[in-house]
Structures are given as C-alpha cells and as structure tokens.
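Here is what TrEMBL records for this protein:
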- B:4-110: domain 'Dihydrodipicolinate reductase N-terminal' (DOMAIN)
- B:Gly10, B:Ala11, B:Lys12, B:Gly13, B:Lys14, B:Val15, B:Gly78, B:Thr79, B:Thr80, B:Ala107, B:Pro108, B:Asn109, B:Phe110: NAD(+) binding site (BINDING)
- B:Arg34: NADP(+) binding site (BINDING)
- B:114-247: domain 'Dihydrodipicolinate reductase C-terminal' (DOMAIN)
- B:His137: active site, proton donor/acceptor (ACT_SITE)
- B:His138, B:Gly147, B:Thr148: (S)-2,3,4,5-tetrahydrodipicolinate binding site (BINDING)
- B:Lys141: active site, proton donor (ACT_SITE)
There are 4 protein chains.
Amino acid sequence: MAAIKVGVLGAKGKVGRTICEAVAEAADLELVARVDAGDDPRALVDAGAEVAVDFTQPDAVMGNLEFLISHGISAVVGTTGFTAERLDRVRGWLEEHAAAGANVLIAPNFAISAVLTMRFAEIAAPFFESAEVIEMHHPHKKDAPSGTAVHTAEGIARARREAGLDAQPDATEQALDGARGAAVEGVPVHAVRMTGAVAHETVILGTEGQSLTIKQDSYDRTSFVPGVLTGVRRIAEHPGLTVGLESYLGL
Amino acid sequence: MAAIKVGVLGAKGKVGRTICEAVAEAADLELVARVDAGDDPRALVDAGAEVAVDFTQPDAVMGNLEFLISHGISAVVGTTGFTAERLDRVRGWLEEHAAAGANVLIAPNFAISAVLTMRFAEIAAPFFESAEVIEMHHPHKKDAPSGTAVHTAEGIARARREAGLDAQPDATEQALDGARGAAVEGVPVHAVRMTGAVAHETVILGTEGQSLTIKQDSYDRTSFVPGVLTGVRRIAEHPGLTVGLESYLGL
Amino acid sequence: MAAIKVGVLGAKGKVGRTICEAVAEAADLELVARVDAGDDPRALVDAGAEVAVDFTQPDAVMGNLEFLISHGISAVVGTTGFTAERLDRVRGWLEEHAAAGANVLIAPNFAISAVLTMRFAEIAAPFFESAEVIEMHHPHKKDAPSGTAVHTAEGIARARREAGLDAQPDATEQALDGARGAAVEGVPVHAVRMTGAVAHETVILGTEGQSLTIKQDSYDRTSFVPGVLTGVRRIAEHPGLTVGLESYLGL
Amino acid sequence: MAAIKVGVLGAKGKVGRTICEAVAEAADLELVARVDAGDDPRALVDAGAEVAVDFTQPDAVMGNLEFLISHGISAVVGTTGFTAERLDRVRGWLEEHAAAGANVLIAPNFAISAVLTMRFAEIAAPFFESAEVIEMHHPHKKDAPSGTAVHTAEGIARARREAGLDAQPDATEQALDGARGAAVEGVPVHAVRMTGAVAHETVILGTEGQSLTIKQDSYDRTSFVPGVLTGVRRIAEHPGLTVGLESYLGL
C-alpha cells in the first residue's frame with residue numbers, strides 16, 4: 001500500500017515540529033511538505049499532499065482550510081477557535097468544492113486517552129447512581145476545572161438525563177465551602193493542582209456494591225500525536241466535516 | 001407504567017434472597033413469586049410472572065428454563081455451567097415455543113462495572129501499543145488469574161489482532177521468574193492476593209505520552225444486583241436468546 | 001507465652017460483637033468477659049481481665065474508665081466524646097491509682113490504614129510543594145469533608161508550616177465555585193460521595209517531576225479490628241494515657 | 001542566611017546540566033563552579049565550594065571523592081557502582097581528613113517519592129497480612145522487576161520477619177505461569193511495561209477490611225532534583241558518611 005502523502009502547516013511551531021517528526025517516522029506516512037507562516041501553501045499542492053495537518057492560529061486556519069478544501073487536500077485540524085459559524089463556513093466550502101474530494105476533521109482534543117475517557121463516561125453513566133470527575137494539572141493552569149473536565153461532566157449529565165436518572169444521591173448537610181466540588185449540571189467536578197503533574201482526568205462511577213473508574217494520564221506534550229496520526233490515516237473514510245475524534249475511534 | 005411482575009427461582013439462597021429484596025424495593029418491579037428447590041414452579045404462572053430470575057444450580061437450571069420458555073415467562077439467568085450444547089437446547093425451546101413470547105438472557109457476569117471494563121478494554125485496545133491486566137482478590141481465591149481477567153486479556157488480544165497491531169513492545173532481557181505476569185495470548189496478566197480485598201480488576205493501556213486506566217472495584221456480594229435489574233427491565237426488548245450482558249448495556 | 005485476658009464492654013453492640021469474635025479467634029488473646037449496659041462490671045474483675053475494650057457511649061465511658069483504672073485493668077477505648085477536660089480526669093485517675101498499674105489508650109480512629117495515611121502525609125509533606133486530600137464516602141454521609149480528611153489536612157498544614165514552606169503554588173484565575181475544593185489551613189480537600197463506596201482517603205503530594213500518593217480504603221465495618229487488637233497487645237508497653245494509635249504503630 | 005556555595009562535577013552531562021540549572025534557580029544556593037571530565041577540580045577550591053554534587057562515572061567518582069574530602073568540600077553523590085569496599089575507602093578518607101570537615105552523602109536513588117515509598121512500606125508492613133509490589137516502566141527497560149521494586153520488597157520482607165509475621169495468605173491452587181508475580185523473599189513483585197510510562201511504583205498492603213496503597217510516579221528525568229537539593233541543604237548536619245537519602249528525610 002502506498003504511503004499517505006502528508007503536509008504540515010505550522011511546521012516550525014513546537015507542535016508542528018513534533019508532528020513532522022512523527023509523520024516522518026511512520027512507515028505508512030510520507031512527509032512531503034512543511035509550511036509555516038509566510039510560506040506559500042501551494043507547496044502542499046506541488047508536493048502532492050493528500051492530507052494536511054493544521055495546528056496553527058485562529059486567524060490563519062480559515063484561510064488555510066479554504067485553500068486546502070478548494071485544492072482537494074483533506075485537513076486534520078487541531079487549531080482552536082471554531083465557532084458554529086466557522087463550522088458552517090467550512091461545511092459550505094466542502095459542498096462548494098465537493099468534486100475536489102477533500103474531507104475535514106476538526107477536533108478540540110487529539111489525546112486519544114482523553115477522548116476515550118469522555119466517551120466511556122457517557123456510555124457508562126446510565127448504569128450508575130453516582131458519577132464525579134476529578135482532574136489534576138500542574139499549578140500553572142489558569143482555569144479550574146479544565147475544559148475537558150467540564151465537557152466530560154456535561155456528557156455524563158446528558159447521558160443521565162436521557163436515561164431518566166434521578167439526581168445523584170447526596171445526604172450532605174454540613175459542608176465546608178467547596179468540599180463537594182463544582183456542580184456542572186449536577187455532576188461534581190474537583191480540580192487538583194499539583195507540582196509535577198501534567199494533565200490527568202479521573203471519572204468515578206458508583207452503584208450498589210461496585211465502582212468503575214476511568215482514568216487518563218497525559219505524561220507529556222506529545223500525547224496528541226497518536227490521535228493526529230489516526231486522523232491522517234482514517235480521514236479518507238470519513239466524508240465531509242467531522243467534529244471531534246470520537247467517530248474516528250469507532251465510538 | 002405498570003410494574004414488571006418478577007418471580008425468583010432459588011429464592012432462599014443467599015443470592016436469591018438479595019435479588020428478592022432488590023426487586024421488592026424497586027418501584028418499577030413487583031415481586032410476585034419466590035420459588036425454591038422443591039417448590040412447584042407453577043407458582044410463577046399462577047402469580048402472572050413476566051420475568052423470572054434464575055440463580056440456581058447447573059442441574060436445575062435446564063428444567064427451569066424449559067418450563068419458563070414453554071409458559072412464556074422470560075428468564076434472566078446467572079446460573080453457571082452453560083455449554084454450547086446447552087445454549088443450543090435453549091435456542092431450540094425458544095423456537096419451539098416462539099408463540100409464547102419468552103426471551104432469555106444468560107450471563108456469566110452481572111457486575112455491570114466488570115462487564116463495562118471488559119468491553120471498554122476491547123474498544124480502546126486498537127489505539128494503544130501496550131495493554132496489561134492486573135486483578136486483585138482476597139487470598140482465599142483458588143485460581144490465578146481470575147476467569148474475568150483471562151477473558152479481558154483475550155478480548156484485548158482479539159481486538160489487537162483485528163486491528164493488525166504488532167506484539168507489545170518489551171525490551172526485557174533479565175527477569176525474575178513471574179515478574180512480567182502470565183501471558184494470555186500476548187497480554188500480560190498479573191494477579192494480586194490481598195487480605196481485605198474483594199474483587200478488583202484494572203486494565204492499563206499505554207501509547208505515546210499517555211495512558212488510559214479502566215478499573216473496576218466490587219466491594220461486596222451485591223455487585224450483581226444492578227445488572228440483574230437491568231436484565232429484568234430490558235429483556236422485553238431483546239428477542240430470543242442473549243448471551244452476556246454487553247448488548248443490554250448498549251455496547 | 002500466656003494469652004492476654006480480655007474483657008469487652010458494650011459486648012452486645014454491633015462493634016462489640018465484632019470485637020468479641022476477633023478476640024476469641026486470636027490465638028494470643030483470651031476472651032474472658034462480655035459486659036453490656038446493665039451488667040455488673042465486676043464480672044471483668046472476677047474473670048481476671050487484664051485489658052478491657054470499650055466501644056460504648058459517651059455517657060457510659062467515664063464511669064467504665066474510673067472502674068477499670070481503679071481495678072488495675074487497662075483500657076482500649078474507641079468511644080467518642082473525649083474533651084480535654086475528660087482526658088484530664090482520666091489522667092487524674094491514672095495518677096491516683098498508679099499502683100494498680102492500668103494503662104489507657106483512647107483513639108478516635110482504629111483503622112490502621114487511616115492512621116498510617118495521616119502520619120505518612122505529615123512525614124512527607126515538608127518535601128513536596130503541593131499536597132491535596134481527596135476523600136470518598138457513601139452518599140449517606142452527612143458531613144463533607146470527613147473528620148479524618150480535615151484532620152489529615154491539618155497535619156499536612158502543620159508540617160508545612162514547621163518546615164517553613166511557602167503557600168502551595170496555584171495560578172488559578174478563573175474557577176467554578178468549589179472546583180478547587182475546601183481550603184483547610186491552605187490544603188485543598190475534596191469530598192466525593194459515591195454509591196457503593198465505603199470510606200476511602202487519598203493524599204497526593206507533588207514536587208518537581210514526581211508525585212507520591214497515599215491511599216487508604218476501608219472496605220467494611222471491621223476495619224477497626226486490627227487496630228483494636230494491636231492496642232490490646234501493646235498496651236502493657238505504653239504506661240499511662242496514650243491518645244491516638246500512632247505511637248502504638250511506632251510512628 | 002548566606003547561600004550555600006555549590007559546585008557540580010559532571011556539569012556537562014544531561015543530569016549535571018539539570019542540577020546546575022536547579023542550583024542556579026534556588027535562592028538559598030549559589031552555583032560557583034562547573035567541572036567536567038578533563039577540567040581541573042581545583043576550580044572547586046578556588047571558587048570556595050562548600051558542597052559538590054557528583055553525578056559522574058564509577059571510574060571517576062573515587063578520585064573525585066578523595067580530592068573533595070581532602071579539601072574539606074562535602075559531597076552529594078548519585079554516581080553508581082559503590083561496593084562495600086569502596087564505601088570503606090570513603091570512610092577511611094573521612095577519618096584521615098576529619099579536620100577538613102567534609103561530609104559525604106551517597107544515595108542510589110534521589111527521587112524523594114521513591115525513597116519515601118520504600119520507607120513507608122517498611123514501616124507499615126508489620127500491620128498488614130498481605131503486601132505486594134507493582135512497578136511500571138517504559139518498555140525499553142531491560143530488567144524486570146526494577147532494582148527499586150526488588151529493594152522495596154526486600155525491605156517489606158525484612159520488616160515482616162522482624163515483626164514475626166507468618167507467610168502471606170494465598171490459597172492459589174491453579175495458576176497460569178507468572179500470574180502471581182516474582183516472589184522476592186516471599187513478597188510478590190509484578191512488573192508492567194507500558195509505552196508512555198516513565199517510572200512508577202505501587203505498594204499495596206492489606207489486612208482485615210482495609211488496604212493501604214503507597215504509589216510513586218516519576219513523570220520525567222528531573223525527579224532526582226528535589227532530593228539532590230535536600231542533600232545539599234542538609235549535608236552540614238550529617239557528619240561523616242551517610243548512605244541513602246532516608247536519614248536526610250527524617251525517617
């Protein structure tokens with residue numbers, strides 16, 4: 001099987017360099033173009049790139065996507081800042097240039113372990129009376145809880161509502177302020193800040209006589225790599241726009 | 001919505017009594033008959049049972065099932081000892097008495113957290129280079145590893161094969177005997193025996209920069225209850241014979 | 001070596017019965033008297049009890065202790081409600097009847113794993129920049145966090161102060177209410193309430209490149225037994241009044 | 001208080017550079033000399049170093065130590081290869097040059113969390129019927145289990161013997177080869193190899209109704225830094241030769 005030809009946008013950034021290395025090392029992928037701010041994106045076309053990876057900036061990514069889609073190059077995008085309106089514009093370009101054959105994957109989180117944790121928590125939630133989320137990060141983090149933890153709690157809350165579950169049992173009468181965490185749609189979320197930690201999320205679910213714990217540890221900044229490569233490898237099978245890595249993971 | 005009428009076979013056994021209590025307490029279920037060894041199973045018919053729960057003995061369960069199926073009473077079965085031949089006989093009765101409308105669920109494990117752990121491990125396995133299983137039980141257990149842990153490892157191994165993954169990376173050159181666990185189709189399984197423990201299983205999966213841990217704790221002997229009640233509640237939607245709780249959990 | 005002769009006060013209560021069984025089963029201990037409310041405590045003297053275990057009520061324990069101390073019977077006490085004033089009265093009796101030779105151990109917590117967790121957290125605290133406590137209990141618990149978790153956090157805070165450590169690093173600028181837990185003297189404490197859980201406490205400590213986690217699980221209501229038996233076995237070596245099991249554990 | 005003047009031997013190595021950075025950043029320490037292979041160690045004397053850190057090679061460290069001790073510079077040593085015979089020679093130099101006032105700390109492991117885990121496991125071991133060790137490392141590791149895990153198990157075994165404990169309870173009759181781990185003096189040790197992992201060790205101890213878990217995670221190669229700095233700061237209080245970081249941690 002011929003290797004998939006891959007170009008990288010934002011190739012000189014920290015994330016971009018890591019992706020370039022990972023693509024170069026993968027036997028089934030071929031790194032054909034590195035493009036950075038100021039470079040002409042036509043280099044991707046000239047090199048015959050089939051898929052481009054975009055970890056750039058919110059002010060650059062829409063221009064990149066219009067170029068890629070119109071030239072039939074599929075895009076795996078980790079750049080942030082996608083609003084509903086932006087997603088609609090991407091869908092419009094995909095329709096307009098449907099004949100060119102590009103697909104697009106836009107995901108807020110490429111850490112496979114984090115995406116699976118969120119999805120498993122949703123699947124399991126209807127079968128457990130209680131569910132709480134504990135996230136742990138380094139102490140330089142500015143927000144608490146993390147966006148991923150909030151998103152996880154929202155998914156659990158939605159799954160509980162759809163299954164018709166009651167509110168979580170909690171007989172607490174006397175509590176110190178904050179002891180029971182932040183309630184995100186009724187799901188308690190606790191944020192730990194710890195020197196030495198990187199990014200970690202734990203979901204605990206409990207019902208009679210048992211509990212289920214799903215835990216995700218990101219040990220370093222390369223944890224997005226396996227998810228990006230999965231995206232590159234599978235984008236040909238996912239027509240149009242896909243938001244979130246979940247469906248690429250068979251979930 | 002009318003409560004589901006439930007009968008319990010083996011009602012005086014330890015497990016049976018626990019199930020009777022749980023059914024009696026559930027607002028959407030009605031306990032209509034308790035049958036034990038020596039009792040006439042017609043009590044189930046007379047009481048209008050729609051579903052019967054059977055946690056009895058291998059030498060009693062086939063007679064029970066033939067009776068239940070022929071009388072149109074669905075069966076949720078936790079009794080052990082089902083061979084392929086026995087399952088075929090159950091299928092035969094279901095066909096023969098199809099008009100009666102009974103369904104059957106036979107599951108080796110009703111602990112929802114354990115069933116989800118096994119299934120999540122299989123789903124996640126293709127995306128991780130490494131996967132190992134660690135089970136922990138009280139020290140009175142006679143086999144090591146547990147059947148559940150072996151089953152979990154087999155599921156992981158199957159998922160890895162189907163995804164075309166290579167053997168797990170392991171550069172070990174010098175090892176004390178047993179240090180790397182038991183290899184179950186290439187998946188290392190470690191068994192811990194610990195006073196105070198009940199039944200616990202952990203699956204760890206790792207790939208670049210991250211790991212995913214799925215952990216199940218059974219704290220006491222009632223951990224099968226939520227699974228049995230889920231079986232009772234959903235059996236009407238699962239025609240014929242179902243083996244394993246998985247499909248009842250939407251997996 | 002002769003078995004230690006043990007009497008149990010509150011012998012018909014749930015805890016008392018469990019202690020009676022455990023003493024009866026221990027080869028090095030002999031259960032010589034069971035005394036309950038309304039019984040004459042002289043039965044302990046008549047039976048030659050060397051040590052009495054008291055898990056009774058706050059309104060009974062002081063009378064019991066005066067009797068035991070004056071009759072030279074050592075006491076292992078798990079009854080609650082000891083104020084500084086009560087402890088002073090016990091010390092007074094011990095001095096008054098010093099010739100009788102009784103010793104007293106009064107402990108708020110006999111779960112050895114919980115006592116060790118608290119003490120280890122204090123020992124480790126000076127070497128870590130960050131420390132947080134997460135406790136998990138069944139959802140029927142009325143207070144959050146648990147007294148044990150608060151006590152643990154206070155011990156960590158004291159150890160940090162004595163070592164001259166700065167406040168814990170935490171760059172949080174935006175937080176949902178409660179996300180960062182309850183601050184107990186600057187140590188964040190998080191309380192999880194989970195169906196199926198019993199009593200669990202985790203202390204996480206972090207510094208550059210590493211973390212240390214100390215976790216305690218109580219799986220059932222017998223978790224005080226090993227601590228009580230340790231108290232009975234070692235009380236002869238601890239003259240006078242001892243408060244807390246710590247010093248019996250060599251800590 | 002004046003900053004402690006620190007020199008680093010092996011200053012251009014990976015570890016040495018990390019130590020230089022950490023010393024330079026610490027407000028209470030002053031980096032006064034960087035010495036590498038080929039450099040004249042007199043630079044340490046000229047710069048007025050009070051303490052030198054040596055993470056060099058077995059063939060260099062003895063020469064370094066003789067020089068440092070004879071010049072009254074204390075040494076914090078992480079270099080490997082110390083035999084009983086080598087330690088005796090170091091003791092000899094310390095006696096010979098006692099007037100110069102140097103102290104020496106030689107430790108096989110400067111990861112504070114690992115040292116505390118080992119020591120806490122030993123302290124706790126006498127109070128638990130069961131104890132097992134699970135270590136997890138990246139899959140490039142050549143030995144299984146790790147030296148640290150073996151050392152931990154030996155410490156637990158010694159503490160159990162000294163407390164007169166029986167063999168660990170284990171009713172296993174049927175086992176897959178390796179399932180129960182490697183027995184190190186009767187303590188089972190399990191080694192997990194996992195892509196993405198760095199270095200992690202877990203000790204589980206169990207007795208009636210409860211368990212205690214002590215877990216250590218090293219997330220990156222800087223995990224020795226806090227231990228080295230503790231060594232530098234406290235060496236003046238520990239006369240002569242100290243082997244192992246334990247006593248510096250108040251254990």
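Each position is counted from 1, following the chain as shown.
In case you wondered, yes, glycine gets a Cβ from its N, Cα and C as well.
All annotation found in TrEMBL is predicted automatically rather than curated by experts.
DSSP assigns B:Phe110 (NAD(+) binding site) to coil in the three-state reduction, placing it in neither a helix nor a strand. For B:Arg34 (NADP(+) binding site), the binding-site residues whose C-alpha atoms fall inside a 10 Å radius of its own C-alpha are B:Gly10, B:Lys12, out of B:Gly10, B:Lys12, B:Gly78, B:Thr80, B:Pro108, B:His138. Cβ packing within 10 Å was compared across the binding-site residues B:Thr80, B:Thr148, and the lowest neighbour count falls to B:Thr80. Residue environment of B:Lys14 (NAD(+) binding site) contains 9 other Cβ atoms, counted within 10 Å of its Cβ in all protein chains. Checking the recorded positions B:Lys12, B:Lys14, B:Thr80, B:Pro108, B:His137, B:Lys141 against chain D with a Cβ-Cβ cut-off under 8 Å leaves B:Lys141, in sequence order. Classification of B:His137 (active site, proton donor/acceptor) by DSSP places it within a strand. Among the listed recorded positions, namely B:Arg34, B:His137, B:His138, B:Lys141, the Cβ with the most fellow Cβ atoms inside 10 Å is that of B:His137. Following the DSSP three-state reduction, the secondary structure of B:Arg34 (NADP(+) binding site) is strand. Excluding B:His138, B:Gly147, B:Thr148 themselves, the residues of that chain whose CB lies within 8 A of the CB mean position for the (S)-2,3,4,5-tetrahydrodipicolinate site are, in sequence, B:Glu135, B:His137, B:Lys141, B:Asp143, B:Pro145, B:Ser146, B:Ala149, B:Ala199, B:Glu201. On a Cα basis, B:Gly147 ((S)-2,3,4,5-tetrahydrodipicolinate binding site) lies 27 Å away from B:Lys12 (NAD(+) binding site).
Residues B:Gly10, B:Ala11, B:Lys12, B:Gly13, B:Lys14, B:Val15, B:Gly78, B:Thr79, B:Thr80, B:Ala107, B:Pro108, B:Asn109, B:Phe110, recorded as binding NAD(+), reach a greatest CA to CA spacing of 21 Å. Most other Cβ atoms within 10 A: among the binding-site residues B:Gly10, B:Pro108, that distinction falls to B:Gly10.
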